Amino acid sequence: MSQTFATIDGNEAVARVAYKLNEVIAIYPITPSSAMGEWADAWMAEGRPNLWGTVPSVVQMQSEGGAAGAVHGALQTGSLSTTFTASQGLLLMIPNLYKIGGELTSMVVHVAARSLATHALSIFGDHSDVMAARGTGFAMLCSASVQESHDFALIAHAATLDTRVSFLHFFDGFRTSHEVQKVELLADDDVRSLINEDKIFAHRARALTPDSPLLRGTAQNPDVFFQAREGANPYYNACPAIVQGIMDKFGERTGRYYQIYEYHGASDADRLIIIMGSGCETVHETVDYLNARGEKVGVLKVRLFRPWDVERFVQALPHSVQAIAVLDRTKEPGSAGEPLYQDVVTAIHEGWVNKNNSPVPSPQSPVPKIIGGRYGLSSKEFTPAMVKAVFDNLAQATPKNHFTIGINDDVTHTSLEYDPSFSTEPDNVVRAMFYGLGSDGTVGANKNSIKIIGEGTDNYAQGYFVYDSKKSGSMTVSHLRFGSQPIRSTYLIDQANFIGCHHWGFLERIEVLNAAAHGATILLNSPYNAATVWENLPLKVRLQILDKQLKLYVINANQVARDSGMGGRINTIMQVCFFALAGVLPEVQAIAKIKQAIEKTYGKKGVEVVRMNLQAVDQTLENLHEVKIPIEEKGKWIDEEALLSNQSPFSTSAPKFVRDVLGKIMVWQGDDLPVSTLPPDGTFPTGTAKWEKRNVAQEIPVWDTDICVQCSKCVMVCPHAAIRAKVYQPSELENAPPTFKSVDAKDRDFANQKFTIQVAPEDCTGCAICVNVCPAKNKSEPSLKAINMANQLPLREQERDNWDFFLNLPNPDRRNLKLNQIRQQQLQEPLFEFSGACAGCGETPYVKLLTQLFGDRSVIANATGCSSIYGGNLPTTPWTKNNDGRGPAWSNSLFEDNAEFGFGYRLSLDKQAEFAAELLQQFSTEVGDNLVDSILKAPQKTEADIWEQRQRIELLKQQLDKIPTFDPNLKSKIQNLKSLADYLVKKSVWIIGGDGWAYDIDFGGIDHVIASGRNVNILVMDTEVYSNTGGQSSKATPKAAVAKFAASGKPAQKKDMGLMAMNYGNVYVASVALGAKDDQTLKAFLEAEAFDGPSIIIAYSHCIAHGINMTTGMNQQKALVESGRWLLYRYNPLLQEQGKNPLQLDMRSPTQSVEQSMYQENRFKMLTKSKPEVAKQLLEQAQAEVDARWQMYQYLASR
């Protein structure tokens, strides 16, 4: 039988099988499982049939609960159906899983296992989610590798048909779902050989049909429910043996044999680890290493977790075992032990006697000691060093039980110590690491490299990619291994023989060379040439190069990319350098393979994109140069080396928590933090992003004072609040740095004052949106404006000083600003700054504006999504506070309940204000009727009103302190009032999130909240896709757009959420687009917050998922409005009370066609290449629908 190999990740490995074996696939995106649904949707779009020759129906639902419901319905009517999920998504499915499992329905749900949100959200892998489903009645089959995930997907589908027990097939999120490995693919005949078609016919025979009507899903009473529930026992009792039989048959077919409980190790092992998931591979590798050196250890891999087979499990254990460590990748606080540990203890307690075939344990085989431990939560590293520490613990006379490994628990002292230098990796494996920016294509190029080596040679290949949670512009670290033997190393590289650093700034922030092995090759993308780079390298980097005798090569990849017309995409260039230096393939062969990959990868994007990439390849090697290392300098800086080792990366002005805790996380040393340093409830300070100084921009904006008209549009659109304006008295310039710029203020309200626009050089991302929107042009040089981009590196030091000086200039009094004028409103201090959002992000300008206007009194409920990640992901937070210590209070609950969560804020704030008012009235004699009346009747509509109310509350507190408190009841009332008094100052509740949240998963919640009539403000940042999970379609996605889950183009019209909200009549509704009409956006925010009732602002937000140049995102917003694809309007119920039409259209009739604006975005253009006839048809429909919608709104606004 011929073997077919492919280099794929776990998600694709599973999806390939699941797609072949199902007819209806209901999907919903959630990291890290989304790619399984994306593959299924893409294959459906290309018309790929399943095993029986029909193309499955792949349907996106509004939530994971919806997907489970759809699958349940499909199963009940006889289809083969599946879904994919993880984490909170699995929790939403659990009610349906109980039903599906209880009805003995054949189906498989595939889970990329992930942490559940507890004290914090985490998108990374562990078994928290699947363990929450272990009582559903689903069998649970666990894969440990990419190959196993491919194989077990088939075994699970075969087993569910043969057993009628529903199956949950899970594998570790990221470590398996995203790890790229060379795997042997299952042929259709392999798949067909395991599927019993008679069982499929039986499944269909059980379907609900009016041709043979049945009733299922009854309500039962106490007299029979218990008995009926026990009736399923025979199915579960038979299940393990059936699964093992299928595994045996699979082995005969493929040569890959599996056991439901599989032992590997010494036949006479005295110590044993029991484990599930990708950790099995690491333990397997370590067991082989230790046994080769005289140890007697083993590993038992648990494949079938449910139903548990006591007899088979105990028989799999070696008779010689004396001590067992059970490792769980989850934490269940308050339990007697984690799930796998408890099952093992129970199984051995019940089964060990039978193992020895005697009524009591024999002397030769005493019951082993069993201890449990936790490892790997939220993808925490699990290395051979940690495995060895577990075995060493087992060797102790009294081993530590309920231990943790991989952390330093200095609070409850559960952790085991381990030697991080212990390694099991063979020397003949190529280990390469690449440090890249999230937007530079490094990860994509490395995936191509793996395919080139894995599929073009006999070598095995492994790729794993580590991301920080910043968006585009984040740091990515790619870990690639190549070798002649299968690679089991499911952990990060710590001894690399090749390191590529693709961004110069990383050398200043991160210990890039710590993982370099002695004599390794270093490739550096450098703005300095080979002759000058040495003197510009940070001292610590030079010391490491000398100490480890590293070889250094440099290339100015950014310059090569610019010369080739590729902008900031340096991936192909650095890939060529890697193959030239690493010697994995002959250079000529490697370059030929790279060019083939370019044509395949970028062919859909057009001939020009392919040409530019090919040109970059041809120009690369002539620009690659080796650096001569001055060996004579070794030992020159011994004193400096000692100094550097004790130096904090942050200034002493940073708070201690920032320096000692967040600072470690910022430089990727968070693994070293002990338990005691971290808040146990997940509460963190705000205002910490200002300390990060990422320095990711190659170019920053420079202000031209002679051209500027002081409109502040550049300030308003800046996604990262990195460019700001101030007016101030000339006397403030007395100690200004010599390069600090200022001009006379042009606004007559600031006569005789100075005006400055200043950029934060180390916080700017270089998106250039400020330049794009600047209306002021240099008449003598039309290509220049009042803001122009220039290289950051030469400007960094002087602009850092200028920024520090600028921050110390006084902010204008908020009470004196005309907030309806952008040039004055943008003088307000933003309380959202330097987020991890993409360069050029379309969402963050709205969030920033919100905080400028209302941040000092706002409480934010943030739906999970892009905004919760760039707004609330460690290490730093962009939400900040003003000099008075006031600022937005922020929290994230879940994706599916954010509207209700924020509604809870409002209920609480109103109740506390009500209680405070009740108490206040009881003290009118003590504090004075005038003060009480002025507080209770304060209008609180303007900045001045808010300021005055705060003064009254301060006076109230002072008066309360003067009241004698001999009476305990009186003292309690005073304490209560003092604790609640601040709630008598108006608080602004904002419920924010993206369109996936608002249009889909929590639409019901939003509907309920706005129907309540309560005073909440909802901001929907509409990117028209699920941006956070990678750009999947939502009900906000417009017709004809290609998105993940809509690979054939979205056939349905965009949901008109604003119209739905207007139907209530008592809701303020606005549709805005900052790039189209900034003053209308400002009006909408002011009116929404002022409206005493529910308000919703739907804000168009351009996104990288649209396939646009983000620099021109604001232009795209304008084009959208001019074509009528996006409407600008405000619906204000207060106007109705004045006898006016509440709906105001804030735009003219469309002046360009839908086609003109659509085809500026790749998400629409893609369809014209892949399905031109479909694209033409959908375009015509889209134009007709835009025209009809415009006419309807015109009619409604003119009544």
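Placement of Cβ uses the backbone N, Cα and C atoms for every residue, glycine included.
Per Swiss-Prot, the feature [4Fe-4S] cluster 1 binding site maps to Cys708, Cys711, Cys714, Cys774; the stated evidence is similarity to another entry. Cys708 ([4Fe-4S] cluster 1 binding site) falls within neither a helix nor a strand when secondary structure is assigned with DSSP, and so counts as coil.
Listed in sequence order, Ala697, Ile700, Pro701, His720, Ala722, Ile723, Gln792 are the same-chain residues six or more apart from Cys764 ([4Fe-4S] cluster 2 binding site) with CB atoms under 8 A from its CB. Reduced to three states, the DSSP call for Cys764 ([4Fe-4S] cluster 2 binding site) is coil. Sequence annotations record features per position, and here Swiss-Prot assigns [4Fe-4S] cluster 2 binding site to Cys718, Cys764, Cys767, Cys770 based on similarity to another entry.
Close to Cys841 ([4Fe-4S] cluster 3 binding site) in the fold, though at least 6 residues off in sequence, lie Lys471, Pro719, His720, Ser835, Tyr870, Ser1101, Cys1103, Met1110, each with a CB less than 8 Å from its CB. Annotation comment: Swiss-Prot describes Cys838, Cys841, Cys866, Cys1103 as [4Fe-4S] cluster 3 binding site, evidence class similarity to another entry.
Sequence-distant contacts of the domain '4Fe-4S ferredoxin-type 1' (699-728) (same chain, at least 6 residues past either end, Cβ-Cβ under 8 Å): 741-743, 745-747, 750, 753-761, 763-771, 773-778, 784-792, 795, 799, 806, 809-812, 822-823, 826-827, 830, 832-835, 837-845, 848-849, 878, 1074-1075, 1078, 1114. What Swiss-Prot records for 699-728 is domain '4Fe-4S ferredoxin-type 1', and it gives sequence analysis as the kind of evidence.
Feature annotation from Swiss-Prot assigns domain '4Fe-4S ferredoxin-type 2' to 755-784. Secondary structure of the domain '4Fe-4S ferredoxin-type 2' (755-784), assigned with DSSP and counted as helix (H, G, I), strand (E, B) and coil, comes to 5 helix, 6 strand, 19 coil.
Non-local contacts of Cys767 ([4Fe-4S] cluster 2 binding site) by the CB criterion (under 8 A, 6+ apart in sequence, same chain) comprise Pro719, Ala839, Gly840, Met1110, Thr1111.
The separation of Cys770 ([4Fe-4S] cluster 2 binding site) from Cys714 ([4Fe-4S] cluster 1 binding site), Cα to Cα, is 4 Å. Summarising model confidence by region, the domain '4Fe-4S ferredoxin-type 1' (699-728) averages a pLDDT of 98. Between the binding-site residues Cys711, Cys1103, Cys1103 has the most other Cβ atoms inside 10 Å of its own Cβ, all protein chains included.
Taking CA atoms as the reference points, Cys838 ([4Fe-4S] cluster 3 binding site) and Cys718 ([4Fe-4S] cluster 2 binding site) are 12 Å apart. Spatially, by CA atoms, the binding-site residues Cys718, Cys770, Cys866 include one closest to Cys708 ([4Fe-4S] cluster 1 binding site), and that is Cys770. Cβ packing within 10 Å was compared across the binding-site residues Cys714, Cys718, Cys774, Cys838, Cys866, and the lowest neighbour count falls to Cys774. Among the listed binding-site residues, namely Cys708, Cys770, the Cβ with the most fellow Cβ atoms inside 10 Å is that of Cys770. Closest to Cys866 ([4Fe-4S] cluster 3 binding site) in space, going by CA atoms and restricting to the binding-site residues Cys711, Cys718, Cys770, Cys774, is Cys718. Of the chain residues outside the [4Fe-4S] cluster 2 site list Cys718, Cys764, Cys767, Cys770, Pro701, Cys714, Val717, Pro719, His720, Ala722, Ile723, Val759, Thr765, Gly766, Ala768, Ile769, Gly840 have their Cβ within 8 Å of the site's Cβ mean position.
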